[in-house]
Amino acid sequence: MSERIIMDEAAIQRTVTRIAHEILEYNKGTDNLILLGIKTRGAFLARRIQQKIEQIDEIAVPTGTIDITQFRDDLEQTINQVDERSYEIDVNITNQVVIIIDDVLYTGRTVRASLDAVLQYARPKKIGLATLVDRGHRELPIRADFVGKNIPTAKEEDVSVYLEEIDERNAVVIE
């Protein structure tokens, strides 16, 4: 199966920069702003957005990760749920503006699971959603506030995001 490159390294960098600016505009700066990336690639994108915001405003926004494993509805639930916080960040996110970051928005189920993970232990003032790619085909009424690129796809196509931190290249491809 051949791959079609939709975004190369330069396009991803420009998109991360634009999303960082949009988040700052949305929040009117960095006050009370928290970035939470969904493991795995969303966490790396969150770090990149954090770095861009720091370049723009010279403030390091608190950034963490969300592990949605225990909140997914497509896996058989275990009887003994783990009773520990499913996100990792060094600050309290209650009454903060939390931006959840993912690589690809598809059915909306990953985002729903991330909302469950956050809301189980905290009550943010506001939650926003940023995604590098929105490919459509939603199964839940979820919409991103910050979208890098809308890529209409067929359901049988796969959209893959490759990030240098784990994939040794930066690209968004349709396979």
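Note that Cβ sites are derived from N, Cα and C of the backbone, with glycine treated the same way.
Looking up the ranges 33-45, 98-110, 111-123 in Swiss-Prot, the one annotated as motif 'PRPP-binding' turns out to be 98-110. Counted with DSSP, the motif 'PRPP-binding' (98-110) comes out as 2 helix, 8 strand, 3 coil. Per-residue confidence over the motif 'PRPP-binding' (98-110) averages out at a pLDDT of 98. Under 8 Å, Cβ to Cβ, and six or more positions away along its own chain, ARG135 (substrate binding site) finds VAL104, LEU105, TYR106, ASN150, ILE151, PRO152, THR153, VAL159. The C-beta environment of THR40 (substrate binding site), restricted to residues of the same chain at least 6 apart in sequence and closer than 8 Å, consists of ILE166.
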